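Taking it in order: structure first as structure tokens, then the write-up.
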Amino acid sequence: MYNASATPITAKSGSSDPFAIPEDTTDTEKPVVLNIAGGTGESGAEDLVKYVRGKTATSGSAATTNANVIGGRNTYVDTTDSDVLSASASTFHDFLRYASVAFAGISVALLLFFHFVSLDANLVWVNAAWSPNTWEFLFYVGYLQQMQATSELTVLKTPYFLWDYTDSFAWSNFLIQDSSSYSTAARRLETIVLGGVVSYADRIGISEASILNHGATGFVVIMGILIVVFLVLAMLAKRKAEHALDENSDLSRYTSGVHRLRSISIRTLGLCVLVWYFALYPLSMLASFEISMEVQASTVADSLVVAVIGLVLVCFGVLAVAGRVIMHKTKNELEQFENLATWGSLYCEYRYRSRMFFVIDVVVQIATGVLVGCMSGDPTQLIAVMGIQAVYLALVFVMSPFADQLVLRITYVLGLLKILNFGLAFTFLNSNTMSATARTHVAQAYIGINSIVILVWFVRQLIVFSTYIRAWMVRSNDDSRRSNSVIKYDPQTDTESDLWASQFTATGPNDSRLNQSVNGCTLTLPASSVGNSMQPSYQSSSSSYGQHAMEPSFGSEAQFKQQMSRF
């Protein structure tokens with residue numbers, strides 16, 4: 001946006017370059033708050049004109065040297081109402097920024113890993129609250145993307161050090177921040193105020209016309225890697241199964257490897273679902289932004305195809321597939337390993353009657369992205385996204401979909417935290433008359449609160465990781481004792497591990513959501529197994545897969561072929 005009637009911001013006397021950084025003898029850093037509305041004593045209404053792609057840019061004209069860009073990367077503008085960070089304060093904020101980004105990135109990686117190992121039937125979790133799970137990733141991603149949404153919201157009076165903080169989480173939108181200096185061939189007209197996604201793209205060094213392509217490319221690369229891994233593992237499992245069916249082959253030699261590869265491949269497919277959920281907000285935000293820019297400029301670009309694919313196929317298309325699968329499955333079917341490992345992150349923490357509540361979660365992510373991408377009204381945009389969070393909490397309160405009270409409490413806490421973040425962002429609206437010093441204090445509170453949340457969550461992930469290490473060591477010790485014992489018989493096979501995972505490991509031994517009797521198969525936990533590996537005791541001839549009795553190993557080639565037919 002630009003103001004055609006406002007007094008241009010001039011450089012200090014003696015400077016030939018209006019964008020030159022003035023030398024300051026004091027121990028200070030760059031300005032962090034700009035007086036966008038002009039001097040407080042001036043009369044005359046502010047008539048900001050919205051930025052339109054292709055219409056507010058010139059090349060090779062006088063505007064190239066006279067342009068004043070506020071809100072984008074060009075932050076070194078001298079104003080009469082600017083706040084300044086001292087060198088020590090700037091160093092401390094940089095430390096918080098780098099530490100928060102590192103902790104958040106490690107937490108995301110650990111949560112993906114925890115989703116993978118939480119379905120490992122050979123690991124025993126004593127305390128479900130401090131054990132790897134399949135639901136926490138969705139909560140963390142939703143919080144992280146909302147926290148950094150201040151970068152994309154139209155809040156023109158945001159202090160630059162807060163933008164520095166939130167822009168550093170660009171990777172959560174599948175974007176790579178370019179911190180190197182650059183000069184553009186086309187300069188916006190003189191006195192233009194950038195806001196929303198336009199200023200966000202300018203600050204992270206990506207053209208607003210190509211930011212959708214950058215985000216979509218990042219998503220495709222990550223999703224493509226996971227899909228390739230899944231296909232390779234599935235192919236290896238199929239080949240091993242075919243070799244096992246060879247009449248000259250030893251069946252027992254291939255059984256364990258086939259089921260291990262099959263289990264890993266299905267859990268990898270579950271990671272694809274998590275990455276899809278991760279992409280809902282950035283894809284919907286960037287796609288809606290691209291569509292709105294092309295509508296305003298009355299142009300059609302190649303990015304429009306990417307926007308339609310991102311919204312229709314990726315966001316709503318996968319949602320339709322997931323909804324159809326989960327809605328038509330019985331409770332027993334949803335507890336089977338294949339469904340739990342693939343789609344379990346979407347429904348495993350809900351009661352069966354509320355299993356479709358995940359659709360509301362997905363819609364909240366998409367709706368928030370659309371509002372941030374295509375709206376820019378002050379304060380309409382901020383009120384709308386804040387209202388979405390309030391409505392979501394109201395639906396949680398009315399419908400009570402969660403089976404675990406811990407998850408319910410976390411939902412309330414994160415919901416209130418999101419509303420608090422949006423509430424603090426009201427301070428940075430262009431219509432707000434709060435002083436620059438007060439805005440600085442609010443921005444510091446914003447950074448402090450969210451840095452503490454990220455740190456606490458990171459510490460939790462370290463504790464959960466230590467739980468995994470202990471469980472892994474117990475499993476290793478048990479395997480070592482069995483291999484050194486005289487009696488080599490182990491009543492658990494890889495096939496039984498799949499069943500055990502579908503009935504137990506997703507929620508822990510004390511979770512009442514999963515019946516311990518499914519299709520006549522009763523899981524019993526002997527008292528002597530506490531502290532050691534827990535093994536299911538099968539008292540019936542049927543399993544949750546609806547197949548024949550499970551033996552410690554395949555008793556016949558016909559029975560093995562029946563198992564291998566699933567590949």
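The backbone N, Cα and C atoms fix where each Cβ goes, glycine too.
Going by TrEMBL, these are the annotated features:
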COMPBIAS  1-16  compositional bias 'Polar residues'
REGION    1-25  region 'Disordered'
TRANSMEM  95-117  transmembrane segment
DOMAIN    184-482  domain 'TRP C-terminal'
TRANSMEM  216-237  transmembrane segment
TRANSMEM  264-284  transmembrane segment
TRANSMEM  304-327  transmembrane segment
TRANSMEM  356-376  transmembrane segment
TRANSMEM  382-403  transmembrane segment
TRANSMEM  410-429  transmembrane segment
TRANSMEM  449-473  transmembrane segment
REGION    531-567  region 'Disordered'
COMPBIAS  533-545  compositional bias 'Low complexity'
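The average pLDDT the prediction assigns to the domain 'TRP C-terminal' (184-482) is 88. Of the candidate ranges 216-237, 264-284, 304-327, 356-376, 382-403, 264-284 contributes the most Cβ pairs within a distance under 8 Å of the transmembrane segment (95-117). If one looks beyond the transmembrane segment (264-284) by at least 6 residues along the same chain, the residues whose Cβ comes under 8 Å of a Cβ in the stretch are 112, 115-116, 119, 134, 137-138, 141-142, 145, 172-175, 215-216, 219, 222-223, 226-227, 229-230, 233-234, 237, 310-311, 314-315, 318, 322, 337-338, 341-346, 362, 365-370, 373. Among residues of the same chain six or more beyond the transmembrane segment (449-473), those with a C-beta under 8 A of the stretch's C-beta atoms are 96, 99-100, 103-104, 106-107, 110-111, 114, 117, 123-127, 130-132, 140, 143, 147, 417, 420-421. Sequence-distant contacts of the transmembrane segment (356-376), counting only residues of its own chain at least 6 positions beyond either end whose CB sits under 8 Å from a CB of the stretch, comprise 50, 138, 142, 145-146, 149, 152-154, 195-197, 277, 280-292, 315-316, 319, 322-323, 326-327, 346-347, 350, 384-385, 388-389, 392, 395, 399, 401.
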